[in-house]
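This report concerns only the one structure given below.
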Amino acid sequence: MKPSLRMHGLVQHINAVAQQLGLDMLTVKKEYIFRTWITISAPLTYAIFGVYWGFIEARRHWLEGIKSCIMLGGLVSGSAKLLTILLRHTPIRDLLYFIIKICEDYEQRGVDFIHALNFGIDRVYKIQRIIFVGYSITFLIMLLMPLVLLFYKGIRITVMPYEIPGLSIDSNIGYGLTYLQHTVPEVVGGIGFYLGDMLVLLALNQIQTFADIFQLKATALNDALERKEQSRNVCSVGEYKDFNIQALLMDLINWHQLFVDYCELVERIYDNLIAAQVFAASVSIVICLCVNLNEFDLISAIFFLVSAYSMSVYCIVGTQIEFAYDQVYQTVSCLSWHELNCEQRKLYMMMLQRAQNMKIIVLLGIVPLSLGTALQASELDFCFGSLLAKNNI
């Protein structure tokens, strides 16, 4: 299949997931249908009932109050994803169409470009499978485990860490209604997490693909510069061969400018979402660790895996983007710039300066999005959670 068809299929898959939540990503004008309001109500429901139940439980014991807040990080990250999709619908739609257009344009430029595009799409599909399997397993366990414990051991636990006022889970009707109500935000949250992650990670992974295309263009320019150098050994005095260097250089500079603009655009669209996802996951890890170090809690143990899983995926992709920036800088540095004329060297120096000062993705202007940040956050989470558990809150 052509890269453009594969990318179009991937975008259509993401849009089909969005339509399940009433969020059509490819429409010109967003519409609020019944499913849209159900999606909006999911975080509001948890915010109202979860906070209310947390205050009630905190009066009995701080640990019970903490248990009611284990999904607070999920509420923050889920709300950030929903608000980003609703408020930045047009830029996200334009970005998806732009990615498809790049694939359509560059699949016509030869086998090397097709290979680079397909390699980038394969990378997105690998991440998509990891995210889908991870979320599917964890959220299915969270939904099915209460039923398994109820039927086999007669133990009644809730899917979400709160109870609805006026409905006692000790009665069959109350427990059934509570389970049904908890199922709605749980399912909406699982689909929404997957949708938000796919939108962000698709955009971020294109940075690596664009870096690969930049390297191909730089290789073509370098080959022309080497041919120019070799031609001096056989050319007569005064004879000059251009080897189309000016056109290749301008094509490389224009692509580098597009690469820089794309990176800045992605950061403008998804900066708050990425920051909310990483920091909310970090807070959830602290809360879940604190709860489980005091006594084992099934819901918090599962949500701990979800939080650690999502934070790791984002930070690993952030590290790969830093590698892409380094790849672009090394590619520019390794050009045979000494074969350029005076005017061409000025253009080259401008591109080199931009490559040296690429803006990395920074979370709330504090720490970079990288695997090192994930490791530091995990270490702090474990220390803080252990401290709280040791002092028994």
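We number each residue from 1, going along the chain as drawn.
The backbone N, Cα and C atoms fix where each Cβ goes, and this holds for glycine too.
Listed by sequence, the residues of this chain that lie at least six past the ends of the transmembrane segment (32-56) yet keep a Cβ under 8 A from its Cβ atoms are 20-23, 65, 68-69, 71-72, 75, 78-79, 82, 160-165, 181, 184-185, 188-189, 192. The annotation transmembrane segment is assigned in TrEMBL to 32-56 (among others).
Per TrEMBL, the feature transmembrane segment maps to 130-152 (among others).
Marked as transmembrane segment by TrEMBL: 273-292 (among others).
Tertiary proximity for the transmembrane segment (298-317) is limited to same-chain residues at least six positions away from its ends with a CB under 8 Å from its CB atoms, namely 67, 70-71, 73-74, 77, 127, 130-131, 134-135, 138-139, 141-142, 145, 157-161, 193, 197, 200-201, 204-205, 274, 277-278, 280-282, 284-285, 287-289, 291-292, 369-371, 373-374, 377-378. Summarising the annotation, TrEMBL assigns transmembrane segment to 298-317 (among others).
Positions annotated as transmembrane segment by TrEMBL: 360-378 (among others).
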